[in-house]
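J.: The structure's right below; bear with me while I get my questions together.
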């Protein structure tokens with residue numbers, strides 16, 4: 001049986017949970033349950049009357065459900081956090097934790113198609129219930145849409161040529177696997193930067209398949225609605241696109257533009273930042289390579 005640590009090494013475990021400033025009788029939400037590492041630590045700090053709700057859209061995570069009467073696991077995308085908490089009678093919470101991106105488990109299961117290390121069918125769905133997968137993005141998207149995906153989500157300067165090359169190749173036969181995709185794009189993968197560019201290409205397709213940026217925006221906006229005044233928001237991001245959204249919303253209460261002003265002309269913002277940006281130390285990165293790009297931001301609702 002797969003253990004929690006094999007499934008997912010919790011990144012920045014103690015700083016992330018410390019950031020929630022756990023109240024023993026509080027109500028908390030872990031929106032990225034995975035192997036349950038962060039949830040276990042939250043439960044350890046909760047008293048007998050505290051509650052923890054966890055979300056994970058990946059069906060594989062259900063095997064890690066914790067046998068604790070204070071704990072409820074919801075097999076849904078966290079973009080629906082408000083809806084499903086209300087279903088359970090919860091309208092306001094004391095803290096929300098999010099460990100964004102792909103779990104170690106998802107990267108390590110070849111058939112999921114997330115990792116550049118394995119050949120697999122083009123899938124990349126975080127939930128097998130979703131209709132859109134990587135095969136459809138690669139084989140059905142118009143050239144201009146592929147260009148947008150690679151430019152916006154992979155931050156690839158050669159997005160136009162990558163999109164054109166894929167469209168020309170699939171005209172002859174469908175691109176069905178990750179190795180076939182690598183073969184199609186091999187002349188744009190020089191050895192020195194091959195892994196970096198591949199990671200950017202995979203990231204771009206994965207974000208599109210799972211609508212990650214739209215999901216993140218919806219989640220952050222709903223989190224503001226359901227957090228109590230003084231409630232904590234503790235978020236780990238792994239790439240600049242995620243971190244930029246989190247940082248802007250914490251700072252301004254919006255993703256673009258200037259924050260609103262109050263009657264006296266002062267900026268009206270919903271959060272105050274708690275502490276500085278936290279990143280893993282060398283020791284954690286040595287133990288858990290996934291932590292190398294992690295950035296933790298903590299905020300408190302005003």
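In case you wondered, yes, glycine gets a Cβ from its N, Cα and C as well.
Computed from a predicted structure; not experimentally measured.
As annotated in Swiss-Prot:
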- 36, 37, 38, 56, 84, 99, 106: S-adenosyl-L-methionine binding site (BINDING)
J.: Please state whether DSSP places residue 99 (S-adenosyl-L-methionine binding site) in a helix, a strand or coil.
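T.: Reduced to three states, the DSSP call for residue 99 (S-adenosyl-L-methionine binding site) is strand.
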J.: With H, G and I counted as helix, E and B as strand and the rest as coil, say where DSSP puts residue 37 (S-adenosyl-L-methionine binding site).
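T.: Note: residue 37 (S-adenosyl-L-methionine binding site) is helical by DSSP.
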J.: State which of the following binding-site residues has the fewest other Cβ atoms within 10 Å around its Cβ: 36, 37, 38, 84.
T.: 84
J.: For residue 99 (S-adenosyl-L-methionine binding site), what residues in its own chain, 6 or more apart in sequence, show a Cβ-Cβ distance under 8 Å?
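T.: Correct list: 10, 11, 16, 32, 34, 38, 236.
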J.: Near residue 56 (S-adenosyl-L-methionine binding site), which residues of its own chain have a C-beta under 8 A away, given they sit six or more steps off in sequence?
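T.: Listed in sequence order: 32, 33, 34, 62, 73, 74, 75.
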J.: Which state, by DSSP, holds residue 84 (S-adenosyl-L-methionine binding site): helix, strand or coil?
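T.: Residue 84 (S-adenosyl-L-methionine binding site) sits in a helix per DSSP.
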